[in-house]
Every structure is written in structure tokens, then in C-alpha cells.
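Per Swiss-Prot, the features are:
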ACT_SITE  S153  active site, nucleophile
ACT_SITE  D320  active site
ACT_SITE  H353  active site
BINDING   R223, D354  substrate binding site
DOMAIN    47-359  domain 'AB hydrolase-1'
Amino acid sequence: MDQSPFPDIAHQTASFSDGLVLDCGTTLQRLEVAYRTYGSLNAEKSNAILICHALTGDQYVAEPHPLTGKPGWWNALVGAGKPVDTDRFFVICANVLGGCMGSTGPRSRRDHGADEPWSIDFPAITVQDMVRAQKKLVDWLGIERLFAVVGGSMGGMQVLAWASLFPDRVFAAVPIATAPYHSAQNIAFHEVGRQAIYTDPDFHGGHYRTHGVIPARGLAVARMTAHITYLSEAALTRKFGRRLQRQNALAAPVFGERFAVESYLEHQGSSFVRRFDANSYLVITRAMDYFDLAADHGGSLSAAFRGTKTRFLLVSFSSDWLFPTAESRAMARALNQVAANVSFVEIVSDKGHDAFLLDEPDFHRTVAGFISGAAEAAGLQ
């Protein structure tokens, strides 16, 4: 019996019997894409915005999460009267291929019809595979062209892949706090997290569900390690400094009293294992590591966008050391080389990579302004 800390719950899904051919050469004979929508699709089906989530996100972008009860992960940006205005636009967000919130992934049953899940045997996927699965959903919804595709971090990678693979299907693209490839440093951090999962005694070679356990300790450490990269030193100092949980530190047993930042990271790890699957973490982090748009186009990033009519807004954050501003500037130069319509804005913030998820007024004004201008150019009322 599966003793996963989070139950299998019903999600809104679209099923595709024709499956999906993956970049690795494997064909998924059965594909399900879990998704949520907000707002109304207009009669012309021209007001759709696709939101692409990051590594540990899901489709519940603007509503309480069904497992945790927490507000939608991008409530700051998406909703009625917000920069991505659900009173004006039809907003779609899908759980990525390989995820664990309803879309086909390691928790899904194998193609041959057995009740056992894919688990660690789920095939390797790419960010482009994720986008092709999303395109099936968009086609199924009857939408010929998306007004915009918006996403941050890994979501931004998906935005870039959409604009490269299906330029005629995307009027505007907003890749945020992202890059056209995953750096060696980012791959290294991911590998530390993966090794923490692999070496957890409850991992069982990736078949932990058949043993009724999960590699909770390893997954928690992976989350803790990753979470450090999402913050800046200034943000950590402001929030925690060197504050101890209690003042009389040396009176505590063994190693003394813990620092507040330690407790914070432990909370991040322990709460994460209640809503995320370890095998999905392995699959998705590897997909991010494989992402390299230039390598896919003969080493030329500009070639990935040659002939595009999509208009772009690139956004970076000054204190983001996971996806630094230099990488967004490189994307802007590549787009300029093919005469693409591109704007680039660096938001000054000391909140690190996660600033794109937080209350950043300059960022919100930037996105709202771009979407308003793009809507006017697209003839949207």
C-alpha cells in the first residue's frame, strides 16, 4: 500500500490517446495533462495566456492549493485586476510533464496497463517535451494562437521553448528570471540534491512506493539545498541574520541552540515532502539540466528565434545569482541579432531569484505595462 504523505487526488485533466513522442526516442502511449483555467475565453479565442510553472510549482497558480491550502503560488501576479488580469484574459496553467500533480509522470501507471507506477523507470524528458505536451492541451482547448506565454525560472525556459518551437502560436512571450541554458553551477546544485535522494535508505532504487515508504529525508535535503539558491545573502541577512531560536545558545544539548535560518530551511524541507514526489524531482531537475537552446541550433542562440514575429519581454532581478542578469542580456542580444521585437528590464531587488514570486511593485508594473501594450497591438479590447 502506498504510504505517500500526499494522497492521490482528482485533478482537472485532458487525456490524449495518441500519446507523445519524447526527445529521448520513447513514445508515451498515454498522456494526461492536468490543468486549471481562470477567466473566460473570448469568442475569437484570442485572449489566452499560458502560465508556465517552475520546478516545484504546479497548475494551482491563482487559487488555494488542494493539498496545502496555501494561496496560489503566483497570486501576486495572476488574478482579477492584477498584471495578468483574469477579468480580461483566459489564463491556463498546466502541471508539467513529469510532474506529480496529475500530469503524466513517475507516479502515473505504466503504458502497458499494469497498476504499478512508472517510478524511476519514467523516461528522460526535456523542457521541449513539456512544451509539446502543453501544446496538445492548447490544441484540445481549440486555441490557435496564445496571446502570451509567461513564466519564471524553469517556467521561463518553457516560454523560450514555446517561442522557439512554435513561434506562430505565440504573440507575446515573457520569460522571467531564467536563461537559455542551465549553467554548470546550477547543474552542480541539482546533483547535490539528487544524491541526497539517491542515498536515502528509503529510496529503494526509485521503487519506494512499492515498499510503502518515501525518501523523505533525502528529498527534504534536496529542497533545503535548492532553496538556498533561491534567496540572496541580503534577503537571508534581513530575515534571519545570526539570530538564534533562543538566546542561551550554549545551554542547549550537543551542538548548542539552532540558528533561525536552520529552522527555516528545515521547515522548507519537511513541508515540501508533503506535496512533491522524489522521482518527479529527479526527472524535472534533469530536464532543466539538459536545456540548452543554442546547442539545439548549431551553437547559435539567435538561430533559435530566426524569423520570429513574437514580441518579447525579458525580465531579470539584480540579486538573482541562480539566473543572473548577464544571461538575460545575452538573450536580448541574440533576439536583437534576428531583429526580434524585444524589451529587457532588470528589476533592482535584493530578494534573490524568488523575487519573481514576491510582491515587487516595479516588476508588476513592468509586466502589466507590457501586457497592456501587447494587447493593444494584438487588437484585444
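Backbone N, Cα and C define each Cβ position, glycine as well.
Between the CA atoms of S153 (active site, nucleophile) and H353 (active site) there is a gap of 8 Å. In sequence order, Y230, L231 constitute the residues six or more apart from D354 (substrate binding site) in its chain with CB-CB distances below 8 Å. On a Cα basis, H353 (active site) lies 4 Å away from D320 (active site). Straight-line distance linking the Cα atoms of H353 (active site) and R223 (substrate binding site), rounded to a whole number, equals 15 Å.
Neighbour counts were taken as the number of other C-beta atoms within 10 angstroms of each residue's C-beta; across the recorded positions S153, R223, D320, H353, the minimum falls on R223. Mapped onto three states, the DSSP output places D354 (substrate binding site) in helix. DSSP assigns R223 (substrate binding site) to a helix. Taken together, the residues in the domain 'AB hydrolase-1' (47-359) have a mean pLDDT of 95 on the 0 to 100 scale.
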